[in-house]
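Listed features, source Swiss-Prot:
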- 662-678: compositional bias 'Polar residues' (COMPBIAS)
- Cys913-Cys919: disulfide bond (DISULFID)
- Cys951-Cys960: disulfide bond (DISULFID)
- Cys1364-Cys1384: disulfide bond (DISULFID)
- Asn211: N-linked glycosylation site (CARBOHYD)
- Asn290: N-linked glycosylation site (CARBOHYD)
- Asn296: N-linked glycosylation site (CARBOHYD)
- Asn302: N-linked glycosylation site (CARBOHYD)
- Asn307: N-linked glycosylation site (CARBOHYD)
- Asn339: N-linked glycosylation site (CARBOHYD)
- Asn1366: N-linked glycosylation site (CARBOHYD)
- Asn1380: N-linked glycosylation site (CARBOHYD)
- 129-146: transmembrane segment (TRANSMEM)
- 153-174: transmembrane segment (TRANSMEM)
- 189-206: transmembrane segment (TRANSMEM)
- 214-235: transmembrane segment (TRANSMEM)
- 788-812: transmembrane segment (TRANSMEM)
- 823-842: transmembrane segment (TRANSMEM)
- 884-904: transmembrane segment (TRANSMEM)
- 1267-1292: transmembrane segment (TRANSMEM)
- 1302-1320: transmembrane segment (TRANSMEM)
- 1334-1356: transmembrane segment (TRANSMEM)
- 1554-1577: transmembrane segment (TRANSMEM)
- 1618-1640: transmembrane segment (TRANSMEM)
Amino acid sequence: MAQALLVPPGPESFRLFTRESLAAIEKRAAEEKAKKPKKEQDNDDENKPKPNSDLEAGKNLPFIYGDIPPEMVSEPLEDLDPYYINKKTFIVMNKGKAIFRFSATSALYILTPLNPVRKIAIKILVHSLFSMLIMCTILTNCVFMTLSNPPDWTKNVEYTFTGIYTFESLIKILARGFCLEDFTFLRDPWNWLDFSVIVMAYVTEFVSLGNVSALRTFRVLRALKTISVIPGLKTIVGALIQSVKKLSDVMILTVFCLSVFALIGLQLFMGNLRNKCLQWPPSDSAFETNTTSYFNGTMDSNGTFVNVTMSTFNWKDYIGDDSHFYVLDGQKDPLLCGNGSDAGQCPEGYICVKAGRNPNYGYTSFDTFSWAFLSLFRLMTQDYWENLYQLTLRAAGKTYMIFFVLVIFLGSFYLVNLILAVVAMAYEEQNQATLEEAEQKEAEFQQMLEQLKKQQEEAQAVAAASAASRDFSGIGGLGELLESSSEASKLSSKSAKEWRNRRKKRRQREHLEGNNKGERDSFPKSESEDSVKRSSFLFSMDGNRLTSDKKFCSPHQSLLSIRGSLFSPRRNSKTSIFSFRGRAKDVGSENDFADDEHSTFEDSESRRDSLFVPHRHGERRNSNVSQASMSSRMVPGLPANGKMHSTVDCNGVVSLVGGPSALTSPTGQLPPEGTTTETEVRKRRLSSYQISMEMLEDSSGRQRAVSIASILTNTMEELEESRQKCPPCWYRFANVFLIWDCCDAWLKVKHLVNLIVMDPFVDLAITICIVLNTLFMAMEHYPMTEQFSSVLTVGNLVFTGIFTAEMVLKIIAMDPYYYFQEGWNIFDGIIVSLSLMELGLSNVEGLSVLRSFRLLRVFKLAKSWPTLNMLIKIIGNSVGALGNLTLVLAIIVFIFAVVGMQLFGKSYKECVCKINDDCTLPRWHMNDFFHSFLIVFRVLCGEWIETMWDCMEVAGQTMCLIVFMLVMVIGNLVVLNLFLALLLSSFSSDNLAATDDDNEMNNLQIAVGRMQKGIDYVKNKMRECFQKAFFRKPKVIEIHEGNKIDSCMSNNTGIEISKELNYLRDGNGTTSGVGTGSSVEKYVIDENDYMSFINNPSLTVTVPIAVGESDFENLNTEEFSSESELEESKEKLNATSSSEGSTVDVVLPREGEQAETEPEEDLKPEACFTEGCIKKFPFCQVSTEEGKGKIWWNLRKTCYSIVEHNWFETFIVFMILLSSGALAFEDIYIEQRKTIKTMLEYADKVFTYIFILEMLLKWVAYGFQTYFTNAWCWLDFLIVDVSLVSLVANALGYSELGAIKSLRTLRALRPLRALSRFEGMRVVVNALVGAIPSIMNVLLVCLIFWLIFSIMGVNLFAGKFYHCVNMTTGNMFDISDVNNLSDCQALGKQARWKNVKVNFDNVGAGYLALLQVATFKGWMDIMYAAVDSRDVKLQPVYEENLYMYLYFVIFIIFGSFFTLNLFIGVIIDNFNQQKKKFGGQDIFMTEEQKKYYNAMKKLGSKKPQKPIPRPANKFQGMVFDFVTRQVFDISIMILICLNMVTMMVETDDQGKYMTLVLSRINLVFIVLFTGEFVLKLVSLRHYYFTIGWNIFDFVVVILSIVGMFLAEMIEKYFVSPTLFRVIRLARIGRILRLIKGAKGIRTLLFALMMSLPALFNIGLLLFLVMFIYAIFGMSNFAYVKKEAGIDDMFNFETFGNSMICLFQITTSAGWDGLLAPILNSAPPDCDPDTIHPGSSVKGDCGNPSVGIFFFVSYIIISFLVVVNMYIAVILENFSVATEESAEPLSEDDFEMFYEVWEKFDPDATQFIEFSKLSDFAAALDPPLLIAKPNKVQLIAMDLPMVSGDRIHCLDILFAFTKRVLGESGEMDALRIQMEDRFMASNPSKVSYEPITTTLKRKQEEVSAAIIQRNFRCYLLKQRLKNISSNYNKEAIKGRIDLPIKQDMIIDKLNGNSTPEKTDGSSSTTSPPSYDSVTKPDKEKFEKDKPEKESKGKEVRENQK
C-alpha cells in the first residue's frame, strides 16, 4: 500500500487523460483478460486488490501528492489509484483537491471523455460554486415549503427551483453518463432521489392527477438532498442504515412478542372497553315492563331487540344516545365500568351495559387484532399508557394488572432497550472500524517515513562519495535550499500561487537582509514573520521524533500532537493519522519528560486507565494548560523576566509557557539559551537538517534529498499555518497592543497583581462568590417585598463588581493576549461583559432575558467541580459527535413537519369540529409549520398517540398511522437511541476517571489543603501542649522502618504540597502517594520507579478517585490506638482493591462485615466493647477464665450458637414478613373491622417483643463492637427503636400525638429488614450502595444544570400563571370580560383569581415543574400556561406568547435527553466497576483463554443421555421414525402459526356465520394437535412424559378439549379458554434451534434468559420499594379529595389500590395526576371539614410538602435508578450474548454433538467403537463436522482407546473442540479441570485406562501390514521360481510374451489378499444412522479405499 502511494508523488504523478491513455487502458484490460482463463476470473473475487480508500471519489487528495499544477485543475487526468489501472476511468480534481472519478466510456453513447461539451459539463460539476448553488437552492426551497398558505407568485419560484434541479441533473448526466457504466448518474443512489424528485415535479405539472397535494409532499424529499451535498452526513446516514439493518432481528422479535401479547389482550379484553354506565330509563317507559328480557341475553349482537312483546320503547335508539351515559366533568368519553367484583362500579341509578363506541374516538380497544396490536405498541413505547391501564382495569377488573406488569417488564423494558442495545452496538462497531482504519493509516504513514529514511540514507551515501562541497551558510543559503526544493518538486502542501508569493517575499527579504544585517542582530524582535517560520523548523529525519523549540500561538496545542490527518479532508478530526512522538527538553522545564511509549494521539476511549497512573501523560485528548500553570506555577528558579518553561499537558504535549516577555517575536521564536548572535542559531538549525551538503552536488541525490526535505517541510508548514489562524499582521498588532510590558515599574505592578490573583485562596474566594451569587439568583420569587428585591439588586451589583474586578486584575496579570488564550477566561469575559451590558440596559423593556445570562456563572463551578466539568465535557464531546446526527435529526424533523403540514394541514382546518367542540384549532395541529414542528417534536419525546387520534379523526386512519409510525420508529426508536448510544460511549470510564483538566491539582484543593494543614498544625500543637501539661510520657506508637506504613492508604486527594511544588502529579490531577493514616510523611513515587509497585506486593496503590468526589476526606484519619489495630487495618487495606479510575469511592469494610464474610473457624463471640472503651473504662474488661466472667462467657457462647443457627434466621425472616404483612391491613376500613384491628394491635406488640429479644440476643452474642459496626444491624436497630417508641407511647396514652403518629408511619420501613436476609436483593442493594456516590454526584450535577433553567423559568414566568376562573363552571373567563386582577376581583364571589398548581413562582416550584416536563408527565398544562401567559396580574390569552414553546424544547433537549440519560450511563459504568472489583477471574484471562474457558464451561455442563429406544414393534417403529424427524416438528410449528392466524381473525362484532366458521376451524386444529399427542404417545410410550415440552403439549391439549365442552362454565369462573391456544406459541421457541437464519433472534432470547435471574432480583427490590411506599401512601394520602388522577379505583385507600397506583408511576406515568389532589392544601381547593363515614378522620386536604417528597423520591428511586439498573443488566447481557454467539462454539453445537452421539451410543455407555468414528464425525453439523474422507484427520488426532477399540466421548469432543479453536498451550490445564468437572457431574463415568491411541494403533497396523507384505513377496518369489521353470518349457513352444504374463500373475496374487480389507467393513457395523441407511455400503467402501492406500503410503514414508 505504502509503495503504491509513494511511487508517484510529485507533479509527474498527474498526467492528462488523452486518447492514448484510453487506448493504453484498453490494451491492459485486454492483456489481463487474455492472461486469465475464464474460471479463474470468477474465483478471484476474494483476493482481488481493493480500491485505495484514500483515493476514493469524494475524498480530498492526500497531500503527499503535493499540489495540482494549475493547468491540470478541472481537467481529466489519468487515475492515480493502481486498482483502476485497467478499468476505464479517469479522475478530475477541483481547486479544493477533491477527487471526482468518471467513467471513460462515452456518456449517452455520444460524448467521449475529450468531447468539449462533456469537458465543460465536468468543469461545472467539479466547481465548488456549483455545489454551493445547489445547496442554497435546496435551503431556499425548504423555506418556501414551510409556508402554509403560499402567495400566488410562489408558483414561479417553484418553476425556478425545478429548472435549477433539472439543470443540475443534466450537467451530471452529461458529465457522467446515464446509467450503464460505473460512476454514471444512476449508479449513485443519492441521484435516484434527485431523479424521482424531478420526475415528480414534471408529472404533477403536466398530468392532472387527483390528489396533487399528496404528490407535492414528495418535494419534501429535496431536503434529503442536503445529505448528499454535505460530506459528513453521508457517513452518519450510513451508520443509521447499518443500525437499521442490524435491527431486523429485534424488529422481528418485537413484532412477534407484540403479536403474542396482542392476541392475549384480544382474548382477555375483547369488547370490554365498550362497557358504559347507562342511566335507567324513566320508570314510566315500556322498558320497565320487560326488564327481564333485556338481561336474559335476548339482545342480538347489534343490540337491537329480538321479538319481545310489541312495545313503544326503542332500546337501540336509547343506548345510541350519548346523553344517557354517565360522563365525568371535563372528560370527553363516558365512564367505563365492568361487571366483575373488582371492576369499576356505576353510580346509583345507572347500569353497566356494552354499548356505543370505544374510548378516544373509538381508537383505543382490543376488539380486533389490529387495534389490540396498536394498544400493545403503545404500551411498549409507554405513551400515555396509564390511560389504557386505567380504562382496562376499570372495565375488566384489577386482577388484570398482572397482564400489564408482564407487558411492561418483558415487552416494554426489554424490547425497547434491546433496540437501544443493538443501536449502541452498531455504533460501537462503526467506531471501532474508523479507529482501526486510522491506525492502519498511521502504520502506512510510518512505513512511508521508513522508506523516506532509507532513500535519505542512500542519498547520503551517494553524496559522501562526491567530493566537492558548497559553502552553505546564512539564511540566504537556506532560502535557496528551500527554493530549489520547491522547483525540484512541486510537492508543497499549498497551491503554486502561494509559493510564488512566498518566493517574492523571500527575495525581498534577502535583499533587505543584506542591508539590515547589523540591525537584525541587535533587534531580534523585528525579524520578519515568514523567515522565522521557515527557520524555526528543526526536524531530525527520524521517523518517530521531531524536536522543535517552537512556541505556538496557542498554548494548548503544539507541534508534537499533529491533529491534522494526512489523508483525510477533516483537518481537526479526533483521530490523527499520524503522531509524532516528541521529546522536548527546555530551559526551565521542571522535569525531563520522555514518553515514547504512548502515541500522543491515542483516543482516550481506546485504552483503559493503567494502574500506574503516574507513569503516563498520554491520556486525554487536547486540554488546556491552566492559567495557573502559566504564571503562578513557575519553577522557583526562574526569574520573572519570562524565560520559557514547558508544561506537559495531558497528551504528553509540551507547550512552552512563559512569563510576559516570553514572546520574543510575533510567532514566539525563542533563541536557545546563551546564543547571542543569529548566526549560531542558524548553524544549529541547519545542522539539524542532517542532509549532508556534499550530496547536494550530485544532481539526482540533491533532487531526492530536497524532495524529502520538502515533503516534510511542507507537511510541517501546512500544519503550522493551519495553527496560525490569523494573517501575520494580526500577530504584529497583538504583539504591540495585547502584550503589555512597557516599563519596569509596570512589570513590578504586574508581578504583584499576578501573585495576588493567581493565589489559590483568591480562587477559593471567587468560587464562594459564585455559589453566593447563585443563591442570590435562586432567592427570587413571587410575590417579593420591595426590601427583599432591593437586597437582591444590591447583591447583584456587588457580585458583578467582584467578577469585573477579577477579570480586570487577571488581564493585568496575564496580558490580554494570554488571558484570552484560555477557554475559561474567554467564558468569564463574555459573562462579565453581558452582566455589564445588562446593568446598562436594565430599564429597557423586554430585555430582562439578559438577566438569564448571569446564570452561566454557575458553570464557572465546573472549574473546581470535576463531575460537573465531566458532564459539560460529555455534553461537549457528544455535541461534537452529535453534530452530524443532530443535522440528520433536524432534517428528519423538518421533512416530517412539512409532510404533515402538506398532507393534513387542510384537513385540520376543514374537519376541526370533529375534535374540538367550539370548532377552533386545537393546540396541537398541523395547519402551519411551527405547530407541525411541535407535533413532530412531541412524537420524538415519545408522545404520539394523542396527536395521532386527532389526526386520524380529521384526516383518515391510514395516512396518519403511516406518518406517525414512521416518525416514531425512525425518529424516536432509531435516531434518539443513537443519541443515547453516543452518550453512553462518551461515558466510557476514561472520561469518568480523567475528570481533571490538566495534570495540575486545581487551586481549590490547594487552598483547602492549606487550610486543612493549618488546622492540623494547630490541633497538633494544642495536643502537644495538653500532653506536656498532663502526661509526662506521651504514648506513641513506634512505627518501625516504615514497613507498616507501606500498606496504609494515602490521603485520597493528596493535600500535602510542599512550597517547592515537588509533589507528583498523576493523570487524574490528584497526587498519588503512600503515607500513614494522618502522618504528614509522603512517599513520592518516582516515575521510573513504578516497577516497585509490582515487585512489592505489600504496597497498595491507590488510584485516586475523581477528585472532588472524595470530599477531601482522609481515608483513615482515626488515630490508631494499638499495634494490633494497625496490623488489622493493614490487612483490611490489603484486602480492598481500590477502584481503578472509577467513580466508586473505596469503602473500607467494617469489622462487622468482615465477620460476615470470613468463615468462622470456631464459634467464639467477639469482644463486647471496642478497645477504646476498655482503655477508658477498664472495668468493662472481664476475665472469662473463672467465676462470673466464665458464666457470662458461656451465656454469650450459647446466645451465639442460637443466633447463628439457621432456624433462628428463618424464624426471624418469617416474623419480618408477617409484621410487614400486618401493615398492609391498616387501610381506611380498619375502623369498621374491629376484630382485625384488635388482632393487629396485639400482633404488633408481639412482633415488637420478638424483635427486641432478637436484638438483645445479638448484642450478647456479637458484642456491641460487631453489632454496631454492621450497617444492616444498624438498620434493624433503628427500626426496632421506632416500634419500641410507639409501643411506649401507646402504653402512656400519647398515641394521638402528632409526632408519635408520624413515627408510626416509619413502621413502613420494616420490610427493609428483609433486605439483608435475601441474598439476591442484598447483591442488588450492594451494587446500588456502591453506585450511590456517583448517582448522587450526577443528581447534584443535574440539579445545578436544572437550576439554570429553573431560575430562567422564574425570570420568565413568575406570577404570570395566575388566571381568573368562573367559580360555577370552572372555566376561564375570556379576555373581553376580564383583562386583569382588578377586573376579576370586581366580579366578587363568582370569580376567583387562581394560580396553576405547578408553576414557576420560585425556584423550588420551578424544579417540580421541570421534573414534570423532563418526565413528559403533566408537562402540557405547564406549557399551555407558559404559552398563554402575558404579564403579572394580567389574564392569559390563548397562545399569546407562542415562542415560549422553545424554552421547553431547549430544556427537553438538554435537561431531559442529556441529564436523565446520564443516569443510565453512570449506573452502567458503576456496574462494570463493581464487576471488575468482585468478579475478578475474567480480568486475568487472555482472550484466548477466555474462549477455551467458555467452551469448556459449556462442555462440562453437558453429558451424553440415553436416547429413547426405538420400539421393537414394527408399526410403532414406523411411527417413531416419522415422529422423530425434523420435518414433523417443523410442520407442527406451521400448524401452530396457522392456529394463531385464525385467532387473529376474530373480532368483537363478527357475524354468526363467521363465529361458526372459526369454531369449526378451531375444532380441526384441536383434532390435529390431539393427533400429534396420540402419535407421540404411541411411539414414545412412557418415555413421552420424560420430556418437558411434551408435558406442556399434553396439558394444552387436555385444556383445549375440556375448554371445548365446558366453554361457558370456564369463561364464567376463569379466563377464556382460547387463552390456552396462545400459550402454545411458546413452542415456537423450540423451532428456533432448527432454523439457521434465526441465530440473531436466538441471541436476543439468550440475552433475556441470561438477564432473568438479575432481573428477578431487581424486580424483588422494586417490589420492596413499592411495598414500603404503598404503606406510607396509605397512612398519608388515604383521604385526599378524589380529582385528577385519584378516583374510586386508583387511590391510596387500600393496599391493593396503592400498589396499582405505584406500579403505574414506576415508569413515571401519570404521577402528575396523582400528585395534583395532594397539592390541595386549603379551601376552596379542598374541604378541611369533610366527614368520612366509618372513620374518625376529617377533611380531604393533602399535604403538599409530604406529597412532593413522596412522589419525587419514588420517581428518582424507581424510574431513574431501579429501572435503569434493569436497562443496564439488559445492555450488559446483550453484549455478553452477542460475544457468545460470535464464539466459534456455542451451547447448541455441544447439544448437537450429544444428540448425534445418542444415535451412535444408544445405551449411553459414553464410549463409541473406533470403527464408527468416521461416520460419527461426518454426521455432525459444522463447526464440529469433519466431512469424509476423514480417516487421516481422525487418526492424526491421536485419540486414546480402551480395550475393545472404544473411544470415550470426552476425548472425541475435546479433540474436535481443539480442532475448531486451534492449538493452544492452555489446553492441557483446562482439560484436566474439565475432566474433573465431568467426573463430578457424571458419577457414572467409567474411570478408564487407555491402552493405546488411534495413531499408535494405525502405526501397529501399518507395521503389521508391511511385515505381511514383505513375507508375501518372499512367498511370491518362491512360487514364481517354481512356476517360471514350468512356463519356460511352454514358452518355447507357444511363444507367450513372458513379462506380460508375469505381471498378470502378480496382479492376480495381489488381488487375492488385500491386507486392509478388514478396515473396509467399518461402515456396515454402525447402527442405522441417517447417513448409513441412505448410502449403499459399496459406495462408501469405494470412497474410503484410495484414502486408505494414501494413508498407508504416508505412514510408511514416516517410518522410513
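Just so you know, glycine gets a Cβ as well, placed from its N, Cα and C.
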For a quick check of understanding: among the disulfide-bonded residues Cys919, Cys951, Cys960, Cys1384, which residue's Cβ has the most other Cβ atoms within 10 Å?
Cys951
Does the transmembrane segment (129-146) come close to the transmembrane segment (884-904), meaning at least 3 CB pairs under 8 Å for residues 6 or more apart?
yes
Excluding near sequence neighbours, so keeping only residues 6 or more apart in the same chain, what lies with its CB under 8 A of Cys1364 (disulfide bond)?
Met1372, Phe1373, Val1378, Leu1381, Asp1383, Cys1384, Leu1387, Ala1391, Arg1392, Trp1393, Lys1394, Gln1435
Conformational class of Asn1366 (N-linked glycosylation site) under the three-state DSSP mapping:
strand
How about long-range neighbours of the transmembrane segment (1302-1320): same chain, 6 or more residues beyond its ends, C-beta under 8 Å?
1209, 1212-1213, 1216-1217, 1219-1220, 1223, 1272, 1275-1276, 1279, 1282-1283, 1285-1286, 1289, 1653, 1656-1657, 1660, 1664, 1667-1669, 1671-1672, 1675-1676
Hey, does DSSP put Asn1380 (N-linked glycosylation site) in a helix, a strand, or just coil?
strand
Would you count the other C-beta atoms found within 10 angstroms of the C-beta of Asn1366 (N-linked glycosylation site) for me?
15
Report the nearest neighbour of Asn1366 (N-linked glycosylation site) in space among the recorded positions Asn339, Cys913, Cys919, Cys951, Cys960, comparing Cα positions.
Cys919
Near the Cβ of Asn1380 (N-linked glycosylation site), how many other Cβ atoms are there if near means within 10 Å?
17
Using C-alpha atoms, which one of the recorded positions Asn339, Cys919, Cys951, Cys960 comes nearest to Asn1380 (N-linked glycosylation site)?
Cys919
Please report how many Å separate the Cα atom of Cys951 (disulfide bond) from that of Cys913 (disulfide bond), as a whole number.
13
Cβ neighbour count (within 10 Å, all chains shown) around Asn339 (N-linked glycosylation site):
16
If you count Cβ atoms within 10 Å of the Cβ of Cys913 (disulfide bond), leaving out that atom itself, what do you get?
11
For the C-alpha pair, I'd like the distance in angstrom between Asn339 (N-linked glycosylation site) and Cys913 (disulfide bond), rounded off.
34
In whole Å, note down how far the CA of Cys960 (disulfide bond) lies from the CA of Cys919 (disulfide bond).
21
Pop the Cα-Cα gap between Cys913 (disulfide bond) and Cys960 (disulfide bond) into the table, whole Å please.
18
